[in-house]
Structures are given as C-alpha cells and as structure tokens.
Amino acid sequence: MAFSFDRYAAIIFIVIGACFIFESRKISETAYGSNVGPDIFPMGLGILLILLSLRLLFETRGTSQDKAATGALDYKKFIIIFAAAILYALFLEKLGYVITTFVFLTIGFQVMEKGKWLKSLVIAGGFSFGIYYVFVKVLDGTLPGFPVFF
Amino acid sequence: MEALHFLGDGFSIALQWHNIAFAFFGVLIGTAVGVLPGIGPMSGVALLIPVTATITSGLDPQSAAASSIILLAGVYYGAMYGGSTTSILLNTPGESSSVVTVLDGYQMAKKGRAGAALSIAAIGSFVAGIVSLIGLVLLAEPLSNIALEFGPAEYFSLMLLGLCAVSGLAGSSMTKALMMTVVGLLMATIGIDSVSGVSRFTYDNPNLYSGLEFLTIAVGLFALGEVFKTILEKDNGDGDIIKVKKILPTKQDLKDSAAPITRGSLLGFFIGVLPGAGATLASFFSYIMEKKISKDPKKFGQGAIEGVAAPESANNAASGGALIPLLTLGIPGSGTTAILMGALIMYDVQPGPLLFDDHPEVAWGLIASMFIGNVMLLVLNMPLVKVFSKIIETPKKYLLPIIIAISIFGVYAVQNTMFDLLLLLACGAAGYFLAKHDFPLAPLVLGLVLGPMIENNMRRALTGSDGDFMIFLQSPISLIFLIFALLWILIPVVLKMRGKNVITNEEG
C-alpha cells in the first residue's frame, strides 16, 4: 500500500517524539534548588508531538497517494548537485576553500546547463578566488585556503 | 517627548558613515531579493546573517550588532519594495506578500502603464514605511514599559500566544503547523541546559553541546530549501518581461491612489502588529477592503491603480508593524522576524522590553536607520526601476549554485565545523520536502528561537510556585494570554467546521 508523504512524515515524527520521551527519562531528574528538572520540557513536547502526529494520521486516513502529481521532477540534476554539495562540505577542510568551491561551482553550472565552459570557469574561478581574497586578506578571517601540502 | 530624544540619538548612530553604507547595501540587496522570484525575504535575511557577521567582526560587539541588524532589516523591508516589480512586469510575484499586486499590476503593465504602477508601488511603500515607523516610535516605550511588569508566568503565556498565533495562521493544515512548532521547540532542547547545566541529547558529541546552531538551520531550511525546489521543479519563469516606458505617475494617478495608500498603511500596520498575521494577509485584506469601498468595483482586476497602491502600502506597513512585538516584547510574529531575532541573539542582544534600556543604540539606531532606508528605497526605486527589472533576467543556472556556495561559505565562516555544513545540507533537503507537502517552516524556526526562553520562563515560574501549574492560570494577565492563545487555535477550527474559508498566511 502506497502511503502518502504526510503519513510517512507522521510516523517519522511519532518515532522522533518517542525517542525524545525515552531519552529524556535518562536525564538526571532534579536540578539543584528546583523541583522542575531539565527533563520535563522535552518529555512534554515529545508527548505533544506524538499526539499531533496521531491527529495527522487520523486526518489523512484513506488518502493513499499525494493528490497533486506535480509533473516530472528533475531528480537527476538535484541528486548530482546535492551529492556535489556533500562532497564539497566533506573536503572543504582537507582540500581548502578555493579548489573545492571552484570545482563545486563548475559542476553546478554545467549540471544546470551544459556548454559555455569558458563562462562557467571564469565565474567559478572569480567567485572562489574573490571570496577567499576578500575574506582572508581584507577581513582577516580564517578559512582553509589551499591543501596543506601546498 | 523622551522618545524624540532617543530617536535623535538613534539618528546619530544611523548617520555614521558605515551604518549608512550598511543600510544602503541592505535595502539594495533586499530589493534584489524581492525582485528575484524564488528567493523570499526569509531566505534572503537568513543567507545574509553569516555574511554580515563576518563583515562586522572588526567592530565592538554593540556597534557590530547595531550595524548588522540595520543591514538585515534593510533586506527585510527592501524585499517588500522589490516584490512588486516582478508582480507588475512578469505576472509572477517575487514574494508571497505581492501576490495580490499581480491582479491589477500586470493588467496596468499590459496597458502600457507599467511605470505608473511601479512608481505608485514605491510611493505607497514609502508612505507606509514612514507611517509604521512613526507607530513604532510612539508605541515602543509604552509597550516595553508594560512588558517590564511581566513575571516569568506572564512571559511563558505570552510566548505561547505568539507560537499559537503563528501556527494558527501558517499554511493549510494547523496540525502540521503545530507539529512543526513542537519540532522546533524540541530541537531547541538539544545541548546543555542553561538552568541546570545538564547536557541533554548530546551523546557526548562536542558539536552538540552548544545546541543546534540557529543560523545553520535557518539558512538550510529557507535558502537551500528554496534552491533545491527551483532545481527540482524546473521553475524557469521565462515569461515576457514588459518594458518600462514612462516612470512618473500622472497627477490623476496620485490623486486616485492617495486614499488607498493611507488606508493600506494604517490597516497594514495594525495587522502587522498582531502576531501571526504578516505582510501577506495585510496586502490581501487591504485589496479586499479597497474593492468593497470602491464606487466602481468592476475595475479591479483590469488595471485599477488602487489595486496596486493599497496592497503594496499594506505589506510594507505590516513589515514595519511586525517589528513592534519583536523589539518591545521579544516575541517575533512571523518567520522573518524570528530570523531577525535569532540574529540579534547571536550578538548577545536579547530583544524584549529591556532592549531599549540595555542596548538603546541597537534599538533606536535600527529605527532611525529605517527612516533613512525608506528614503533610499524611494530614491532607488523611482529612477532605477529599469535597472532592477534587469535583475529578473539573471540566469538561474549561475544563481542557484552560487547561492549554495554562499550558504556553505557563510555557515563555515561563522561555525568553522564540518558538522554544521552537513547539518546545513540535511536541513536544506528537509526544508524542501517539508515545504512541498505543506509543512510550514516558519513555526519551526519560531519554536527554535523561542524554545530556550519559553522553557526558562516556564521553569522559573514553576520553581516559584513549587511545581504548581496553576500559577499560569492564577495570574490574570497570564490567564488572558492563554485564553487568547486558545481562541487563536480554536476559532479557525470552528470556522472550518462550518465550511468557511480561512485565509492563511503562506509567508508566515
């Protein structure tokens, strides 16, 4: 049976709520000088979240599919750019800001629209060097600029 | 008039050359954000928080806070000006508060009166901006004096009211809005508890000790979420842009729109002050009102200048009005003001009744800079409207990857951890999927910002009453707030059951 997004989301939120309730029981109960410990607020919220999620399940009962079939989504572009962004985040510290940003932007531009290589390279290069220069040289910020072995 | 004296001090801060520059770039970027479809005021402000944080890093904390909030607020109200441009020229609203402007604005443009429509929108926005600022100056002191009397119980109830108001009006399903609020509050509990010093849900991960960073979440949910949406949905609004010919409105235009601008400003201001009801609702209501008052309602939808003047004034007035609860009570009434509040807290400036005493330069400097910013916007928008209409043509293929790169740069520059970058991307994906399925994001951010304060006030109140929850009902002010909070949630439900249409605030 195909569930709609809302029902999946409701179930996920019930799990999240349950986790918060379960985990908040582990927090040491009383704080000094107060009988309202740090566990009460998250526990109460967890219960509230579960109740609301149950209400959402109730509201969306019977709906098995998302009502709006919103045309073909461009998952290919999205996944490539998203994956590139994750790699960008992972390698930012190791390879330095300038190289990773340049590579990420070039990939991004080319995925959005193939061709016009020169323009892509110039904009990507200008952005990565420009930001690095302004931030590190003018504003004295810290940013890993280039790979360590340079 | 004490307020005038403070305002004078505010002007002396706002007129420092760097603050003039900050206000100028704020409104300039704001107008661009408003013009570009796909980037709303929320993502624009969120995206710029880390950028301003780096630029102001050389200043002392007080002036850094004042300067950044001047720039960020400039983006916020500048976007209200810019939003009308695409509505009029492209038949696509640049942001949700300009949706009704499309109805008459595009029709006017088709009849060759694009220039008149744009300039009336700019003039209306200017008048409304000034009206709401005067309201802000007059109400700020008295309101914050009242709020100073509040104890923790009253504060808890007031914040609850704020959350309920935003949830009650956000998006199509109130259940989803409330769920998002609770998720935001839960996320706020992660980290070291400020009352007892116990660490909660951190699992000995040092990245979590200080809690999930507000900035990372806001940039991810709003800025990246919208970028992902545009990539996925091939939303290449390549409509024909109507050329602007003559800019200045005729005398008849000015005469026709004077009354709608006044009415729109006043209505918008009062709607803006109410928590939850933001610029979108204000523009909507003022359009309906003009149509009702008009002697000739048929001309609406066919290029009536009143239909541009009133809603554009109203959304600007509302954005000014929305700053009142933020600055005087510390309660943001909308998603964008919640982000502004998060930015202030990042600078250790706590919005609320004490703001005007503790940080007068921030509060009054901001108010004074908004007068200056509104004048700048009028000057920018009248002659430069043609230049701004060119921004619409910025190719998306360059813009989108650059927005991702700016988000990553900004978050890394402030946080310096890879953990935050991955959290940022995760929030971006979550933001897209949640927003796509009508889970409103504004309540989540509101919950995240207000969470620690709600919890602290609740626990302080309960400590005072020996754990007796009745304290929230015994204090009359607190009881009134709670009743209002309940009504805010219940009335739309009752109306829906009776089959009435409930207008909701999409922008939040």
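Quick reminder: no glycine exception, Cβ is built from N, Cα and C everywhere.
Please treat TrEMBL annotations as automatic predictions, because they have not gone through curation.
What TrEMBL records for this protein:
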| type | residues | note |
| --- | --- | --- |
| TRANSMEM | B:20-51 | transmembrane segment |
| DOMAIN | B:20-446 | domain 'DUF112' |
| TRANSMEM | B:63-83 | transmembrane segment |
| TRANSMEM | B:116-140 | transmembrane segment |
| TRANSMEM | B:152-171 | transmembrane segment |
| TRANSMEM | B:177-196 | transmembrane segment |
| TRANSMEM | B:208-228 | transmembrane segment |
| TRANSMEM | B:266-289 | transmembrane segment |
| TRANSMEM | B:323-347 | transmembrane segment |
| TRANSMEM | B:362-385 | transmembrane segment |
| TRANSMEM | B:397-415 | transmembrane segment |
| TRANSMEM | B:421-450 | transmembrane segment |
| TRANSMEM | B:471-491 | transmembrane segment |
Stretch with greatest number of CB pairs under 8 Å, the transmembrane segment (B:266-289) reference, B:152-171, B:323-347, B:362-385, B:421-450, B:471-491 candidates: B:323-347
Same-chain residues at least 6 beyond the ends of the transmembrane segment (B:323-347) whose Cβ lies under 8 Å from its Cβ atoms: 41-42, 45-46, 49, 52-53, 61, 64-65, 68-69, 72-73, 76, 135-136, 139-140, 143-144, 147, 158-159, 161-162, 165-166, 214-215, 218, 222, 272-279, 353, 355-356, 362-363, 366, 441-442, 445-446, 448-450, 453, 505, 507-508
Stretch of maximal Cβ-Cβ contact with the transmembrane segment (B:471-491) [cut-off: under 8 Å; candidates B:20-51, B:63-83, B:152-171, B:208-228, B:397-415]: B:152-171
Residues of the parent chain within Cβ reach of the transmembrane segment (B:116-140), under 8 Å, 6 or more residues beyond its termini: 3-4, 7, 77, 80-81, 84-85, 88-89, 101, 104-105, 108-109, 244, 246-250, 253-254, 257, 260-262, 264-266, 268-269, 272-273, 305, 308-310, 312-321, 323-324, 327-328, 356, 363, 367, 370-371, 374-375, 377-378, 381-382, 385
Touch test for the transmembrane segment (B:397-415) and the transmembrane segment (B:152-171), at least 3 Cβ pairs under 8 Å: no
Ranked first among B:152-171, B:208-228, B:362-385 for CB pairs under 8 angstroms with the transmembrane segment (B:63-83): B:362-385
